[in-house]
Amino acid sequence: MNNAPLILASRSPRRSELLGLLVRPERIVIRPPASADEPGFDDCQTINAVQDRLLEIARMKRVAVRSESSDLPDASILAADTTIVAESRTGDLAVLGQPPRESPSRPTVRRWFDEFYFHRPHVAMTAVTIERADGRTAECIAVTTVSFNRSRADWLDWYLSTSEPDGKAGGYAIQGLASMFVDRIEGSLTNVVGLPLAETRQLLLDMELV
């Protein structure tokens with residue numbers, strides 16, 4: 001049994017809760033990168049480009065936290081990054097991260113629902129990367145397709161009046177109130193939450209960390 005610390009390079013309470021289902025919570029050390037700076041997706045025109053950028057961001061988090069964790073030389077590090085990718089009516093890709101903090105009407109999230117979510121499926125992507133203390137690494141990308149029920153669009157005003165869209169990739173939490181909009185999910189549910197459990201467990205097994 002591996003008892004070494006596992007650093008979670010994230011401030012997301014949802015990721016922490018999910019990782020705690022796979023690893024004993026007393027092993028987990030929460031340590032997000034000191035800097036929140038990361039590249040955007042404006043130059044990503046294809047799904048492959050988005051996936052490459054997502055992995056790049058997760059790796060940047062892992063590397064940054066390793067350099068900031070000299071006090072835990074025996075620790076492994078897990079970093080992840082999640083985003084929502086939607087397709088416009090013209091076929092262009094839109095990468096939807098956390099929405100800006102706006103007025104209670106939340107015009108950005110309203111536009112995302114009206115333009116993307118209620119008209120066609122969208123995908124949630126999470127890149128996961130793990131580094132052992134000896135430098136070995138393993139990583140994966142999980143993709144989940146989510147379809148919203150357009151007939152419930154009249155609930156949007158009420159949804160936007162809540163605090164749920166704040167700080168969530170794509171402006172919603174599938175495990176929260178937004179679950180009422182969901183019509184179908186193809187793939188990992190926990191991937192949409194922020195950490196794909198099956199894929200992450202396989203990485204941990206491959207790295208002999210559980």
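Glycine is treated like the rest: Cβ placed from N, Cα and C.
For reference, TrEMBL has these:
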type: SITE; residues: Arg14; note: site 'Important for substrate specificity'
type: ACT_SITE; residues: Asp81; note: active site, proton acceptor
type: SITE; residues: Thr82; note: site 'Important for substrate specificity'
type: SITE; residues: Gln175; note: site 'Important for substrate specificity'
Separation of alpha carbons, Gln175 (site 'Important for substrate specificity') and Arg14 (site 'Important for substrate specificity') (Å): 10
Number of other Cβ atoms within 10 Å of the Cβ of Gln175 (site 'Important for substrate specificity') across all protein chains: 14
Intrachain C-beta neighbours of Thr82 (site 'Important for substrate specificity'), sequence separation six or more, cut-off 8 angstroms: Ala124, Met125, Thr126, Ala169, Asn191, Val192, Gly194
Proximal but sequence-remote residues of the same chain as Asp81 (active site, proton acceptor) (Cβ under 8 Å, at least 6 apart): Glu38, Leu54, Ile57, Ala58, Lys61, Thr126, Ala127
